[in-house]
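Step one of this worksheet: look at the structure below.
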Amino acid sequence: MSTLETTRAELGLVVVYLNKAEARDKICRAIQYGSKFLSDGQPGTAQNVDKNTSLARKVFRLFKFVNDLHALISPVPKGTPLPLVLLGKSKNALLSTFLFLDQIVWLGRTGIYKDKERAEILGRISLFCWMGSSVCTSLVEVGELGRLSASIKKLEKEIGNKDKHQNEQYRAKVEKSNERSLALIKAGMDVVVAFGLLQLAPKKVTPRVTGAFGFASSLISCYQLLPSHPKSKMV
């Protein structure tokens, strides 16, 4: 590829990435929690950025609860153990509830919904739902990693003395295992973030700790949404 073609391809990936509403939301999330880390809960510019970005992000999530509602009623892959099915459906139900209630919180903060006290209560309930969905996600990922580990070990025995890294199926399973490990780390971080937003342990999970974990999990989300890099042509 020429330099111009390479640059055009790279910019094309950026355009594809930024065209995703989810990607823009996660970039804003990184800004939000980065500002929370800098402010440490103290009044000032950083705290204003945190609050304003948090409100702006809610617009990205309007009607997003439908996605998890659809996943809730969709069939699961055959062979999935019942405990993982139940945990997965619980995650969908809790996340859908969080996103639905979050819309009422947005209406309250914009002044459309007048009962501010009820909006605040619903806001706390929504955060508990999000924390619950993150816990369910963590447990699902642990279970799926266990299944993948057993599958990889079985495949290693079948491959025998051959170079396992040359086996396409083996590489795919290892890549999937890495993806699930990253998802597990992110879900664990999100539990801490929810804990901090709910102020369940304000002395330990301070706004700065919440901001640090939220910023890190946002970067992971941004990475997970990256489009696949086009393979360069061999001459």
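Including glycine, each Cβ sits where the backbone N, Cα and C put it.
Record note: among 127-146, 187-206, 207-226, 207-226 is the stretch given as transmembrane segment by Swiss-Prot. Computed over the topological domain 'Cytoplasmic' (227-235), the whole-number mean pLDDT of the model equals 52. Here the transmembrane segment (92-108) has Cβ contacts under 8 Å with residues 55, 58-59, 61-69, 71-72, 115-116, 118-120, 122-123, 125-127, 129-130, 132-133, 136 of the same chain, all six or more residues outside its ends.
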